[in-house]
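Notes follow the structure.
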């Protein structure tokens, strides 16, 4: 079976890879950071701005779009690309992470997850089949398995049956997938911070490999120590199929991103850059900058003196601080624009470094300055 999403490695430097993912809506150069458009919009950003900052792919959220405005409505309106006027690739998550984050509002059963809406308390049920059906309706280029997401520091006793359920659910997702010719399905490797359990999860999913266009690493950056995340990435990523893209879910901190790339990760996403931006925190080459701070009240410098984004070319720290302090929408837009640009550019620079066989030096130099060491 020819898969609708393919990957080609162009260059390697150690384990780090520069490549190209091909989808029906275009190509994606990797490594890549993917802005998150939870409710069919990347918060505060227009399509034109997303293209301007170099976005090649964005995320949509299955859980949120199922609740509002509803996946069937989006399908009737021509699918998610048409609905949000975005003609480049889209990845949809399965809704699993959001449903499992509901805590007491959800009940896990073998058939799926029963939950109450965080909006109005209405009762809902998402199964592996339902998750795939929603994603088929949305019409994204990359769809994700519906997996069980164990909490950050879960015990082995909790994780073993959880992995086995994820494998059973994976089989059901594969069978339910109605658009295998146009939507690439990604597997999700779980296993917490235990190397042997990560291996178990990957081994079980690999038995269905011909159905998967890529492999995601789930269940990291959920509260475990950083060292554990790096150790697991270092162990499991290179064991994923070489000829398919590898996606680290939910990571958007610059240092973590570069360490992930070093382990062989190709794709990452996170709400962090826009969430931090809305609270007045921005990324710079010298680390995070809290723009609300009094010290920037009369600062005429740009957010990052070495950044060539539209915001840094046109606005001062003092002005952006003022906007954030008085809660003007433009402030949120400018900080969001800059943060997303920063992470997308970081991955483009990492790609160049890999192609020029200087990634390790690039990474160490960036981290040393970013962490002020």
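Keep in mind that glycine also has a Cβ here, set from the backbone N, Cα and C atoms.
The Cβ of residue 93 (active site, proton acceptor) has 30 other Cβ atoms within 10 Å, all protein chains considered. In the three-state DSSP assignment, the secondary structure recorded for residue 93 (active site, proton acceptor) is coil. What Swiss-Prot records for 93 is active site, proton acceptor, and it gives sequence analysis as the kind of evidence.
Residues or ranges marked as active site, nucleophile by Swiss-Prot: 269. Using a 10 Å Cβ-Cβ cutoff, residue 269 (active site, nucleophile) registers 22 neighbours. DSSP assigns residue 269 (active site, nucleophile) to a strand segment in the three-state reduction.
Summarising the annotation, Swiss-Prot assigns substrate binding site to 93, 94, 95, 96, 97, 147, 190, 219. Of all the Cβ atoms in the protein chains shown, 24 others lie within 10 Å of the Cβ of residue 95 (substrate binding site).
Here Swiss-Prot flags 307, 309, 312, 338 as Zn(2+) binding site, drawing on sequence analysis. Taking a C-beta cut-off of under 8 Å and a sequence gap of six or more, residue 338 (Zn(2+) binding site) has these contacts in its own chain: 277, 282, 283, 303, 304, 307, 309, 311, 312.
Residues or ranges marked as region 'RNA binding' in Swiss-Prot: 250-256 (among others). Secondary structure by DSSP for the region 'RNA binding' (250-256): 3 helix, 0 strand, 4 coil.
The region 'RNA binding' annotation in Swiss-Prot covers 274-278 (among others). Residues in the region 'RNA binding' (274-278) partition by DSSP class (helix H, G, I; strand E, B; coil) as 5 helix, 0 strand, 0 coil.
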Beyond the listed site residues 307, 309, 312, 338, identify every same-chain residue whose Cβ lies within 8 Å of the center of their Cβ atoms for the Zn(2+) site. 302, 303, 304, 308, 310, 311, 313, 337, 341, 342
Which sequence-distant residues neighbour the region 'RNA binding' (274-278)? Criterion: at least 6 residues beyond either end, Cβ under 8 Å. 35-36, 42-45, 288, 332, 335-336, 338-340
With every protein chain in view, what's the tally of Cβ atoms within 10 Å of the Cβ of residue 96 (substrate binding site), excluding that atom itself? 24
Expressed in Å to no decimal places, the gap between the Cα atoms of residue 96 (substrate binding site) and residue 269 (active site, nucleophile) is 15
307, 312: which of these binding-site residues has the highest Cβ count within 10 Å of its own Cβ? 312
